[in-house]
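Chemist: Once you've had a glance at the structure underneath, I'll fire off some questions.
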Amino acid sequence: DGTGTLIKNGSSFTGFVLLGFSDRPQLELVLFVVLLIFYLFTLLGNTTIIALSHLDPHLQTPMYFFLSNLSFLDLCYTTSTVPQLLVHLRGADKSISFGGCIVQLLVALGLGSTECILLGVMAFDRYAAICRPLHYTVVMHPRLCALMASASWVIGFANSSLQTVLTFLVPLCGRNKIDHFFCEVPPLLKLACVDTTANESELFFVSVIILLVPVALIIFSYGRIVRAVLRIKSSAGQRKAFGTCGSHITVPSNNYSQDHGKFVSLFYTIVTPMVNPVIYTLRNKDVTGAMKKVLCRDCDSR
């Protein structure tokens, strides 16, 4: 039927069908072209941020260390779903193996959880830079930065592992057609042939816990930052202070939207990772300056 084949082995099965946008065939070609362009810009923008953070000594600071982590995270998050979606948009086979679905859910959830925590860590970094400038280099020691970044990844993937196990413990009774373009918790739970209220409650509780700390840290950090900035008498000083952290406020969270509709998920999967480096690059003179230096160095070497 053009939507992939389910391979059955007794009562078990080895694959799912990702329906994606097959109910809107007239949109598939347009989506393919748009997503391909967005994906290429995402690769270019985030790779540029990572490269600049390592090449320019002036950008080897805690802020850009966390920013390069965020860019790497966005690269991985987009790559975990978009290449497969591009293949499905241009082909008749929409299938994904059972193991592939587990891995995709684990990775996408892990990266989304990690980003939530990392944004909280980045908010704390801006708080230390603006509210504790004299102690900043002591507080944000390279080893502490590495520890906080590592903790973000470990906690994010621990949460993802738990949610993935809870999701795939639900009996599906042979149902295999996922009304989504990648393996995500809500559409997977809709395949269940039993009441999933308990599972949804467990998943909601875990999600709230994993979000509570970074959200509290962001609110605390930016609350203190606003107070500190308002005390600055110079308008130029206020603009500079807001400029160092404004991009962190404008970056939306990748994974935890109330509406898990396909187009909303598509926005968070492809648009946000592409926009992140644009926000930082356009708003930060250090990044644009580093880019000019690298480009001029290349021109001179020729």
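Every residue gets a Cβ built from N, Cα and C, even glycine.
Because TrEMBL annotations are produced automatically, they should be read as predictions rather than curated entries.
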Chemist: Any idea which of 64-82, 178-196 is down as transmembrane segment in TrEMBL?
Modeler: 64-82
Chemist: Cβ pairs under 8 Å only, please: of the recorded stretches 64-82, 144-162, 203-223, which one is richest in them relative to the transmembrane segment (102-124)?
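Modeler: It is 144-162, which has the most Cβ pairs under 8 Å.
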Chemist: Within the domain 'G-protein coupled receptors family 1 profile' (45-251), what mean pLDDT does the predicted structure show?
Modeler: 84
